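In TrEMBL this protein carries:
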| type | residues | note |
| --- | --- | --- |
| BINDING | Asp44, Asp77, Tyr80, His243 | Fe cation 1 binding site |
| BINDING | Asp77, Asn115, His206, His241 | Fe cation 2 binding site |
| DOMAIN | 38-244 | domain 'Calcineurin-like phosphoesterase' |
| SIGNAL | 1-22 | signal peptide |
Amino acid sequence: MGCDRWVMLVIPIIYALSNVSGELKRFEQPSKGDGSLSFLVIGDWGRRGAFNQSQVAFQMGKMGEKLDIDFVVSTGDNFYDNGLRSVHDPAFEESFTNIYTANSLQKQLYSVLGNHDYRGDAEAQLSPLLTKIDTRWLCLRSFIVNAELAEIIFVDTTPFVKSYFQDPEDHIYDWRGINPCKHYIANLLKCALRESNAKWKIVVGHHAIKSVGHHGDTKEPATHLLPILKANNVDFYMNGHDHCLEHISDTESPIQFLTSGAGSKAWRGDVKQLNREGLKFFYDGQGFMSVQLTQSNAEIAFYDVDGKILHRWNAFKQFGDHSSI
């Protein structure tokens, strides 16, 4: 398969949720009165409360209240094992509405799709009908959240991955709405990153670019996305897919790779390359991540199922500077 053909096949993310000019849909998210921003990040979660999902949700509620969070980010794989069957699937309320019930979590949830979501009715999760059931829900393929202090770019990474097309095993993927967009990379660079003047630039996708967990690095995002992130001074790439919590610092740029895919079922002992250069933290149990941002500081923290802080990391910025540890 030629290069152009492959780009057209597996990098179509911008098309379905962009307008005719190629710009990603943008949502405005106000920051706090003092200009700061805080949010939680959860991934790989929807199991009707099983595998400690309910316990993680409880601790998220406590931390959400403590940090006075502005919203929640989901890194995908929202409903197991095979996404939603339709917009009427009771799993939506059983795995989302009825689980994340704390007052502090009654905030907007911004989500991308994961590979398990594509094994069901992927377009159901994108439907505004779900927002009528639970107004917190906002899931699109790719979009931008302008949070004043930060710009968060959500990227649908599942169509990147070659194996889902060439070797789907026994799975059936819902590729409706995935149309070829030959100039995806250039459009993403032009419309989503290069034009951003935000103090903090964050990209969220389901698949890991760098990970020491079960799946490890995902080749296609590492090949097609990472150069764009580096060229445009992205601070954080946040993902799920591996059912763990981890923090890896890029060895060639200031980018921090942050995995929060431990919202329910975790993979104990499934780890590789613990001596990997740049690895700051790895945990193979359930939990979630918090992000606190100001003009000059970012604090990232990871929590286990009991709410214990497992790892905390800070980045600092001066006026006009990129982040530094």
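A Cβ is built for glycine as well, from the same backbone N, Cα and C atoms used for every other residue.
Bear in mind that TrEMBL entries carry predicted annotations, made automatically and left uncurated.
Highlighted in sequence order, Gly43, Trp45, Gly46, Arg47, Gly114, His116, Gly240, His241, Gly261, Gly263, Ser264, Lys265 have their Cβ within 8 Å of the centre of the Cβ atoms of Asp44, Asp77, Tyr80, His243, the residues recorded for Fe cation 1, and are not part of that set. Looking only at the binding-site residues Asn115, His206, His241, the one with its C-alpha closest to Asp44 (Fe cation 1 binding site) is His241. Within 10 Å of the C-beta of His243 (Fe cation 1 binding site) we count 26 further C-beta atoms, all protein chains included. The average pLDDT computed for the domain 'Calcineurin-like phosphoesterase' (38-244) is 92. The binding-site residues recorded for this entry are Asn115, His206, His241, and the Cα of Asn115 lies nearest to that of Tyr80 (Fe cation 1 binding site). If you take the Cα of His243 (Fe cation 1 binding site) and the Cα of Asn115 (Fe cation 2 binding site), they are about 13 angstrom apart, rounded to a whole number. For the Fe cation 2 site, the Cβ centre of Asp77, Asn115, His206, His241 serves as reference, and the other residues of the chain with Cβ at most 8 Å from it are Gly43, Asp44, Thr75, Gly76, Leu113, Gly114, His116, Asp117, Thr157, Thr158, His207, Gly240, Gly261.
Across the structure, His206 (Fe cation 2 binding site) and Asp77 (Fe cation 1 binding site) place their CA atoms 8 angstrom apart.
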